[in-house]
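Marked as region 'Disordered' by Swiss-Prot: 1-42, 200-238, 262-382, 396-418. Per Swiss-Prot, N-acetylglycine is recorded for G2. Per Swiss-Prot, the feature phosphoserine maps to S35, S37, S51, S203, S204, S218, S284, S293, S327, S336, S359, S363 (among others). What Swiss-Prot records for 62-100 is region 'Leucine-zipper', and it gives similarity to another entry as the kind of evidence. If you look up Swiss-Prot, you'll see 203-219, 368-377 marked as compositional bias 'Acidic residues'. Feature annotation from Swiss-Prot assigns compositional bias 'Basic and acidic residues' to 220-238, 303-321. Positions annotated as compositional bias 'Polar residues' by Swiss-Prot: 275-287, 355-366.
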Amino acid sequence: MGEDAAQAEKFQHPNTDMLQEKPSSPSPMPSSTPSPSLNLGSTEEAIRDNSQVNAVTVHTLLDKLVNMLDAVRENQHNMEQRQINLEGSVKGIQNDLTKLSKYQASTSNTVSKLLEKSRKVSAHTRAVRERLERQCVQVKRLENNHAQLLRRNHFKVLIFQEESEIPASVFVKEPVPSAAEGKEELADENKSLEETLHNVDLSSDDELPRDEEALEDSAEEKMEESRAEKIKRSSLKKVDSLKKAFSRQNIEKKMNKLGTKIVSVERREKIKKSLTPNHQKASSGKSSPFKVSPLSFGRKKVREGESSVENETKLEDQMQEDREEGSFTEGLSEASLPSGLMEGSAEDAEKSARRGNNSAVGSNADLTIEEDEEEEPVALQQAQQVRYESGYMLNSEEMEEPSEKQVQPAVLHVDQTA
């Protein structure tokens, strides 16, 4: 662009120079006297020449401008292509970077997995090392024991054979009475075991001669006999133990123990005394000749704050309590005493029941009414004794005949008011 402007200036400068030169030329002419027609023609020619030159210069300048614009357009087109190429290369670089990031993530995952596996392998290697160290220690111990056995010449090899087993006499055990004897017996058993182990043949069956085969047959027969004897002894011992366990004495002892646990000895003696027919309770001198009487009459004065109805209810409550105590003692006696004693008690109860029935028939005739105030405690004692004995007899009758109804003694109170 700068060069084109300089060239345009050059084209303009010569035209201006020509114009300057042309007007200077007529300056000397005034000395001469030219004609005015000639002067007009020369000026017109000069103007035409200047116009032609200006048109040419403008045309050339326009051509140059067109060329310059074409060049600029080409340069811009090239720049656009280069920019497009740069954008494609940048996109390719971005794709490569994304691929690299993906590869890096996958490699990081694989590296983490490898690290975990390496840790596990290291843990396994440590465990293996520990096991190997333990095995080395055990091997060293075995080597030491082996060396000691070889030095002592006590190296033994035991081969299990179904036909030739260890004799049963070695395994027979007797009861140990004391600690010292037990130690001696253990030492003897160990010696016998060692002897039998030494006697075991280690050679194969092919190398044995016929005489040794005969000896083995005899040994097998002896072993079978010893086994049969063992089985017989064990069975006899078991039978004896069962007989002892289920003997009558052991059962009686166990029953007595259970009875003592349920009922104490003192209580049992009291129950026995109460069941014996010859046993008689102490009674007052003024009592009736018959022990059991279903009817009894007593007299009491009515004191202050008490009524006849309250006295009757109290006496009935006492009668019920006595009956409950009698039935409870009889139940305990049946649970604690053995079968033989229970049979005897049942017979005694039958006898006493019969006596009670007989006495009940005759006691209806003897009814005493005491009216003296001084004999009131004696009458109370008699009434309590009659209640106790009648309750006992009724309980015995209930044991023999549960279907019969209980006969309650009728207590009749005669209250006198002064």
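Each Cβ is built from the backbone N, Cα and C atoms, and glycine gets one as well.
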Next item on the list: Quick one: average pLDDT across the region 'Leucine-zipper' (62-100), no decimals.
Entry: 95
Notebook entry, point to check: Do you know offhand how many angstrom separate S218 (phosphoserine) and S51 (phosphoserine) by C-alpha?
Noted result: 162
Next item on the list: Determine the Cβ neighbour count for S51 (phosphoserine): the number of other Cβ atoms within 10 Å of its Cβ.
Entry: 10
Notebook entry, point to check: Counting across all protein chains shown, how many other Cβ atoms sit within 10 Å of the Cβ of S218 (phosphoserine)?
Noted result: 10
Checklist line | Secondary structure content of the region 'Leucine-zipper' (62-100), with strand meaning DSSP E or B | finding: 39 helix, 0 strand, 0 coil
Check: What does DSSP give as the helix, strand and coil breakdown of the compositional bias 'Basic and acidic residues' (220-238)?
Finding: 19 helix, 0 strand, 0 coil
